[in-house]
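**Student:** Below you'll find the structure I mean.
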Amino acid sequence: AEKIKICLQKQVNSSFSLHNGFGGNLYATEEKRMFELVKPKAGASVLNQSTWICFGDSRTDQSNSAFPRSADVSAKTAEKFRSLSGGSLMLSMFGPPGKVDYLYQGCGKHKVFYEGVNWSPHTAIDCYRKNWTDIKLNFQKSIYELASQSHCMSLVNALDKTIPLQATKGVAKNCNNSFLKNPALYTQEVKPLDQICGEENLAFFTLPTQFGTYECKLHLVASCYFIYDSKEVYNKRGCGNYFQVIYDSSGKVVGGLDNRVSPYTGNSGDTPTMQCDMLQLKPGRYSVRSSPRFLLMPERSYCFDMKEKGLVTAVQSIWGKGRKSDYAVDQACLSTPGCMLIQKQKPYIGEADDHHGDQEMRELLSGLDYEARCISQSGWVNETSPFTEEYLLPPKFGRCPLAAKEESIPKIPDGLLIPTSGTDTTVTKPKSRIFGIDDLIIGLFFVAIVEAGIGGYLLGSRKESGGGVTKESAEKGFEKIGNDIQILRSSTNIAIEKLNDRISHDEQAIRDLTLEIENARSEALLGELGIIRALLVGNISIGLQESLWELASEITNRAGDLAVEVSPGCWIIDNNICDQSCQNFIFKFNETAPVPTIPPLDTKIDLQSDPFYWGSSLGLAITTPISLAALVISGIAICRTK
C-alpha cells in the first residue's frame, strides 16, 4: 500500500503586509485607509429636506414670467421659497410708496434668506433718509438673530392702534408725496393761535400674541424718530424740544429719542433725518408719546415664536452690471453668531437679464437640492468620512469632519487575508483543537490553488459558538468604546457650544482656541480609530483561524476512515484505497458542492451628533454589525509524502 501525506500548506511572500491586532495578527495582500479625506463643496445646503424654508425675491420666484431662466435655484428648491419678484423683508417691514409689499411668513428649523437687493442704493428710497444701509444692516441682523431662535416667523402687517383724534396721516415731498406704511406719519392740524405749537401726542399700539396661525413670543419693531441738528430746525416758533418715546405697559422707556434730556447733533442743516432702531419687544400694549405737531407710529412688526434654535443661512444679494449694491446682508450675517454666509467670488452675470440667472450663484445654491451631513462656512459635506484635509470654518452644524493628514489615518487589511499564529487567553477554545490558536507555532495558513477546478470556499465564522470572538462580545466591545469616547468628548463639546455664542465678541482669540480644541479632538479620534483597527484585525484573525479549523473538521468528517489525521492540518491517506476521485471528494468537495457564503467585513464607522451642534461629533458608533472577514479559498495545496 502506498500512503501519502496531504496538508494545508503555510505560504506567504513579501507581497503581504503584516497587521497587528488585539488577540491576533494578519497578513494581507492589500490595505486601505479606514477613511478617505473629504473636500467640502462650496455653497449652501441643508441637513434635512423636510425642515427648512427660504425667503427670497425674483431670483427664486416661480411666478416670474422669465422663470426658470430668471432663477438662481432649481425648480425643486424654488418650491421651498416664499418669494415675490421685487420684494424684500425690509420693503415689507417699512412699506415705501410704490414698492412691492409681500407677506413674508413661514416655518422651518433651517431658514435660508436670499433677498435684500430690492432695497439698496440703486432703489434710491428717500423718505427723510438718503442712506438706509445702516438701518438695513441692523434690520437684517435682527432678523437673522431672531430667526435662529424660532421655528416660525411672520410679518404682522396691521397692528391694532389708537391714534389721537387731532392727528391725521401725513405725506412728505421726499417720499413720493406719500409716506412709509411703517412707521406711519401722523400730523396735527394747528388752528388756534394760542395753540400754535400744538399739543403733545399720545398713541397706543398692541403687539399680538398670535397673527393668523403664527404664534408671537417676540416682535421685531422699528422704533423710528427724527434727528434734528438744533431746536430751531425742529420748531422755529420757539416751542419745546423734540421727543418721540415708546413706553411699555409699566411705563418703562423701551425706545425713541428725547431732546429734552439728550442734546441735538449741533450740525448745520435744516432738514431732519429719520432714524429707526430695531427693538425686540414682547406681546402687549405700548404707548407712544411725542412732541406736538406730528407722530411716527409703529404699524408693522415681524413676529417670532421663539420655540427652538435653528440654522440661518444668508446669501449675498447684489445687483449685476450697472446697478449699485450694498453689502448689508453680508455684514449682518458675519456679525450674527451662527449665521452662515454664501458669497460670490465673481460679479453677478445674469442669463435672463443682467440681474437674473447667474451661473456661479446657481452652483453655490445647487446644494439646497440635497441633504448634507455637515454644513459650514467652508461649504457642505455629504460623505461619511470623519476627516477633511482643511479645517472647516465655523459656524458649522451636523456631523462635521475634522481636519487630519492623510498619512495619520490608520490602515486596515484588505484583499486576501491570512491569520498568524499567536495566543489569546480570552478566546474560547474550539471543541477539537485542530488549528487551535496555541497550536499555530510558526508560519501562516495560506491555502493556494494547485490545480484549477472548484468554485472556491469562502472562509468565515458560521457559528455563534466555538473559537474566536463572538458577535455579541464584539458588539459589546464596540459599545464600550463608543461610551468611552462620548465621556472623553463631553466636556469638550460643552466648552465649544459655549464658545459658539461668544465667537463674535473676541473673534480671533475664540477661533484660535476652537482650532486647538478641534485639533485635539482630531488627534483623539485618530487614536480611537487606531484602537478600533487593532480590535478589527484581532477579530478577523481569530475568526479566520476558527474558519480554518472548520475547514479541517469538514475534511476529517468527509474522509471518515479513509484518512488519518496525524497533525493539525495534515492527513495520511492510502493511495491504493482512496484514489484520485476519492481524494477530490475529500479535499475538493467533489467540485460540485455549493459554496457557502457569509457577509463580507463591514468597517463602516459613523460619527453621530446633534445635527445642530456646530462642533463635530458627540460619539462614535458602528452603524452595522461587524462580520468576520472572509478569505476566499480557490483550492487546497496538497503536499504529498510517501
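Every residue gets a Cβ built from N, Cα and C, even glycine.
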**Student:** Check for me: which candidate out of Cys175, Cys197, Cys216, Cys400 does Swiss-Prot give as the disulfide partner of Cys303?
**Tutor:** Cys216
**Student:** According to Swiss-Prot, which residue among Cys152, Cys175, Cys197 is joined to Cys239 by a disulfide bond?
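**Tutor:** So the cysteine that Swiss-Prot bonds to Cys239 would be Cys197.
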**Student:** What does Swiss-Prot give as the disulfide partner of Cys175, choosing from Cys127, Cys224?
**Tutor:** Cys127
**Student:** Which one of Asn48, Asn176, Asn590 shows up in Swiss-Prot with the note N-linked glycosylation site?
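**Tutor:** Per Swiss-Prot, the residue annotated as N-linked glycosylation site is Asn48.
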**Student:** From Asn13, Asn539, pick the one Swiss-Prot annotates as N-linked glycosylation site?
**Tutor:** Asn13
**Student:** Looking at Swiss-Prot, which one of Cys54, Cys152 makes a disulfide with Cys107?
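**Tutor:** Between Cys107 and one of Cys54, Cys152, Swiss-Prot records a disulfide, namely with Cys152.
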**Student:** Quick one, of the disulfide-bonded residues Cys107, Cys152, Cys175, Cys216, Cys239, which Cβ has the fewest other Cβ within 10 Å?
**Tutor:** Cys239
**Student:** Taking DSSP states H, G and I as helix and E and B as strand, how many residues of the region 'Esterase domain-1' (28-138) are helix, strand and coil?
**Tutor:** 22 helix, 22 strand, 67 coil
**Student:** Measure from the Cβ of His356 (active site, charge relay system) and count the other Cβ atoms within 10 Å, all protein chains considered.
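**Tutor:** Around the Cβ of His356 (active site, charge relay system), 22 other Cβ atoms lie within 10 Å.
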**Student:** Using a 10 Å cut-off, grab the number of neighbouring Cβ atoms around the Cβ of Cys303 (disulfide bond), all chains included.
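**Tutor:** Neighbour count, Cβ to Cβ under the 10 Å cut-off: 28.
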**Student:** I want to check the contact list for Cys127 (disulfide bond): same chain, sequence separation of six or more, C-beta distance under 8 angstroms. What comes out?
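**Tutor:** Result: Pro96, Ala172, Asn174, Cys175, Phe179, Leu180, Met274.
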**Student:** On the DSSP side of things, how many residues of the region 'Fusion domain-1' (2-27) fall into helix, strand and coil, could you say?
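**Tutor:** DSSP classes over the region 'Fusion domain-1' (2-27) add up to 0 helix, 10 strand, 16 coil.
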**Student:** Drop a 10 Å sphere on every Cβ of the recorded positions Asn13, Asn48, Ser58, Asn382 and tell me which sphere holds the fewest other Cβ atoms.
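**Tutor:** Counting other Cβ atoms within 10 Å of each of the recorded positions Asn13, Asn48, Ser58, Asn382 gives the minimum at Asn13.
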**Student:** How far is it from Cys197 (disulfide bond) to Cys152 (disulfide bond), counting Cα to Cα, in Å?
**Tutor:** 45
